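Here the structure comes first, spelled out in structure tokens, and everything after it is commentary.
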Amino acid sequence: MIKITFPDGSVREYNEGVTGLQIAESISSRLAQDVLACGVNGETIDLSRPINEDANFVLYKWEDEQGKHAFWHTSAHLLAEALQELYPGIQFGIGPAIENGFYYDVDPGEAIIKEADLPAIEAKMAELAAKKEILVRQSIAKEDALKKFGERGETYKCELISELEDGHITTYTQGAFTDLCRGPHLTSTAPIKAIKLLTVAGAYWRGQEDRKQMTRIYGITFPKKKMLDEYLVMLEEAKKRDHRKIGKEMDLFMFTDMVGKGLPMWLPKGTALRIRLQDFLRRIQARYDYQEVMCPPIGNKNLYITSGHYAKYGKDSFQPIHTPEEGEEYFLKPMNCPHHCMIYKNSPRSYKDLPLRIAEFGTVCRYEQSGELHGLTRVRSFTQDDAHLFCRPDQVKEEFLRVMDIINIVFKSMNFENVEAQISLRDKVNREKYIGSDENWEKAEQAIIEACEEKGLTAKVEYGEAAFYGPKLDFMVKDAIGRRWQLGTIQVDYNLPERFQLEYMGSDNQKHRPVMIHRAPFGSMERFVAVLIEHTAGKFPLWLTPDQVAILPISEKFNEYAEQVKAELRKFDVRAIVDDRNEKIGRKIRDNEMKRIPYMLIVGEKEAENGEVAVRKQGEGDKGTMKIEEFGKNLAEEVSNMINKW
């Protein structure tokens, strides 16, 4: 008999070789119908896999990310099976589950797969899913796998297999389709009830631009048609909120191939928005005793060799810059932490000096594949609101609490009200890959858990998800249309202090390693602005919006009065513009509404005679007339009340 420990701490005994599905059935037949995958000692596996030893065990349903992942991974195989029937001779690349759905990269040979072909492929997928095909996992020798896929002319699969370590590899078969795959998968295609293929795109094989361009088909599936219908409604709303569209309408940022792909340029209004965000965070950080630094945009190759980033991320960096005089190599800065380690090392440190909190709005550059670039959310140059905290092991919890305060202020000020968190801890069993002492890990893990409890933050604990150098806490927010975005991370790091030989003198007069904590409430300025645009549909909080007021003279003869109104409002720190175009007032109102300006002040003969303005509020329409001073005071008070909340 083996002992199975459930998340609530309860333990049950089962026969060796029991499967996850059998365990679910032993609890309830209804549960067995709903589960999609299971977790065994931190590893997500198929429900049909036998369990042969004592294990920590969890069942995953649709509501769990692991459940969705297995569902969409199987859906990718279902797509491939349909393509195999419809396009004989098609070759397959990779087909993973992604955050929202799945894709498969294929080489259809002479055939061309267009978006007009997607409905027919969907229909074939539905036909196959209805057969409730069982997925069969098989472990075979590497040479047998090469032979099997080679006989089918699967050159892409053979390339992947040849790079695997010698030994046994796994395949999954459903119906007539067999794929090279680690899993996990559903037990059958039966749960897949609603299917939608979304787009067709090009993607270079393995992301390398000198390789074959394949056809990438994106899709999403659900266990119920109602879920798909709701998702498609959300997609339509997401198109309206696309930050690329709204950013152009509001004149916030631009891209041009002349400057380079993935290199955003911030226009005056977008720059004003960024500056306000940075000043906002600077004020908060000052309250929490952060010291701001500035580092160069490049670094010597040896810096990144020491940090380990060169070995791990060298391929994601731009080509090195060679200095002919010194014969050295420099890289565009891909991250800020190595520079901050050198700042820490610049002076001797005592335990009394800690914690040391170093912050920087540091611009970094990473070579993202052109096919992965997307507006502001995936770029090649971006600015991180980075901070690195150097502290003693006994200070980790307090530092987490302080950073959580800052992140909470950021989210509340931007009207992100639905916040989730995930604590990523070590694998419960396999701990060889982690750097740092068990004692320090246990202290840090417990500190994160206790910090979440003290703040009343509901956090999901994921074992085995920690980086090799430390546990972390990730924050996910739901936007106005229900999408989840990962914003804000607090990461413990035992690796860089070791690599850079960072030290402080302890109260025992002995040298000790500090604990390093990475944190970024925004993540990056670019991605945060993109998420904020899509969350608010461009209707930013009044204190943040680039232009708070548009003054609209009804004809040219009132332009001078409009300028006087602007000058008066400036006394109240109101950011106003004058729309003095020779256009009808209706056109001006529509255009400024599209620019999401919160207030419009219409001025004509009556307003000029009485020193007044006719007020319109975004989304609410006419608010009547006011004296200029009264409006200025009211607006200043509205902004002040917002800012004083945090």
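Please read every residue number as a count from 1 along the shown chain.
Even glycines carry a Cβ here, placed using N, Cα and C.
Site annotation (Swiss-Prot, ligand Zn(2+)) includes His388, His518; from Cys337, Cys365, the additional listed residue is Cys337. Proximity of Cys337 (Zn(2+) binding site) to non-local residues of its own chain (separation of 6 or more, Cβ distance below 8 Å) is seen for Ser307, Asp386, His388, Asp493, Leu496, Met516, His518, given in sequence order.
In the predicted structure, the domain 'TGS' (1-61) carries a mean pLDDT of 94. In sequence order, Met335, Asn336, His340, Cys341, Asp386, Ala387, Gln491, Asp493, Leu496, Met516, Ile517, Arg519 are the residues of the same chain, not among Cys337, His388, His518, whose CB sits within 8 A of the CB centroid for the Zn(2+) site.
Within 10 Å of the C-beta of His518 (Zn(2+) binding site) there are 23 other C-beta atoms, taking all protein chains into account. Packing around His388 (Zn(2+) binding site) is summarised by its Cβ count: 25 other Cβ atoms lie within 10 angstroms of its Cβ, all protein chains included. According to DSSP, His518 (Zn(2+) binding site) is assigned to a strand segment. Secondary structure of the domain 'TGS' (1-61), assigned with DSSP and counted as helix (H, G, I), strand (E, B) and coil, comes to 14 helix, 25 strand, 22 coil.
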